[in-house]
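Peer 1: Below you will find the structure I want to go over with you.
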Amino acid sequence: MDTIFAQATALGRAGVSVVRISGPLAHEVSAKMAGKLPDHRGTALRMIKDRDGGFIDQALVLKFDGPQSFTGEDVVEMHLHGSIAIMRRVLDELGQFEGVRLALPGEFTRRALENGQLDLVQVEGLADLIEAETEAQRKQALRVLSGALGDKIENWRKALIRSAALLEATIDFADEDVPVDVSDEVRDLLTGVEIALSQEIEGTKAAERIRTGFEVAIVGAPNVGKSTLLNRLAGREAAITSNIAGTTRDVIEVRMDLGGLPVTLLDTAGIRDSTDEIEALGVNLAYRRASDADLRLFLLDEGDATPMPPLEDDLILTSKADLTGMPFPSISGKSGEGIEELLKEIEHRLSKLASGAGLATHARHARAMEIAQTGLQSAKVLLDNGPDQYDIASAELRMAIHALEVLVGRIDAENLLDEIFASFCLGK
């Protein structure tokens, strides 16, 4: 296997830049450039030189012996001064050694997966951690990266394997020293996994929303103050405001951090009947995006009705509180009246939605768990039909086990790996 290297920190000038080297030649090549390496997990200040003995930089060198490293291989890191010229020179020098090449995007993490240092779910957690913009995203990604979901899946897998083994033993060794009736133990095992799976599946939507962001749609008639409210909530001029009705025709999106939660505000077109073809398209889009949003803010003028049925957590507000009074809570995007209270209320309502989040954060996770759940439930029904159908029940459990193994990357993960690692930087 090749030895790989890459810059592990952001491109450009910085206080410190890190080069990571991993593979069978990592220690040998690094020693040629840095001299004597420190002990395992040790550090040493070394002069980095080229192959002709020319001085490149002074660096802090860290050494890791495989398999006790991120990749599971021999690894060296050089913490260099953050000069573009220094980094370029070190990378050029490394590329001259035989058997050593520049890493592909995500190749360090891919090797960690292949060497059993991480499972596929942890890899996704690492990718989410790198992309995290808010506190809630950071905490959630760390929980996944810690292996908490992988541990759950492994426990489910072991319980299903035990159940299938008991059923198959009953079939294959009916005349030998095997319990006559294993159905009670199998049923207890399957019920425990089924309950845990159901809870995790139920929490997937909220977890995925934390990862991708909650959507809050501002909905109302034309010229009711939606764009002005969006600008006030965003703290900047994100949308054009005008006294002319129908100014907003497309959906304007603004991302923000609200109490640690990632939120995307949606300024939708004013909802009304229109003979203007372009405006009508905007109104239809507004309906769709508002229907799919996690929370809707309905802005009403006096006498207005909500343009679509509000859900339990939706907020109905009076717009332009600086001009009129209404029985609903009043806000003004123009003066800022009621905005602070509105932000707190949005945060409160979204926090309730987020509180049900599980560890599974991707739609892929939910699909795999649903397949496992279906196989498990079918097996329970077959189990109740008696020993004559234990072979079919066992086959259903094998299908459920397969789904869980795909989920953590034990099998059938090659195509998915290419997609996941393509989003990683070279040094990760």
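Using N, Cα and C of the backbone, Cβ positions are placed for all residues, glycine too.
Predicted automatically and left uncurated, TrEMBL annotations should be read as such.
Sharing the feature lines straight out of TrEMBL:
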- Asn223, Ser242, Ile244, Thr247: K(+) binding site (BINDING)
- 223-228, 242-248, 267-270: GTP binding site (BINDING)
- Ser227, Thr248: Mg(2+) binding site (BINDING)
- 213-351: domain 'TrmE-type G' (DOMAIN)
Peer 1: Among the binding-site residues Asn223, Lys226, Ser227, Ala269, which residue has its Cβ surrounded by the fewest other Cβ atoms within 10 Å?
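Peer 2: Least crowded of the binding-site residues Asn223, Lys226, Ser227, Ala269, by Cβ count within 10 Å, is Asn223.
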Peer 1: How big is the gap, in Å, between the Cα of Ser227 (Mg(2+) binding site) and that of Ala269 (GTP binding site), rounded to a whole number?
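Peer 2: Cα to Cα, Ser227 (Mg(2+) binding site) and Ala269 (GTP binding site) are separated by 9 Å.
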Peer 1: How many Å lie between the Cα of Asn223 (K(+) binding site) and the Cα of Ala269 (GTP binding site)?
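Peer 2: Cα of Asn223 (K(+) binding site) to Cα of Ala269 (GTP binding site) measures 10 Å after rounding.
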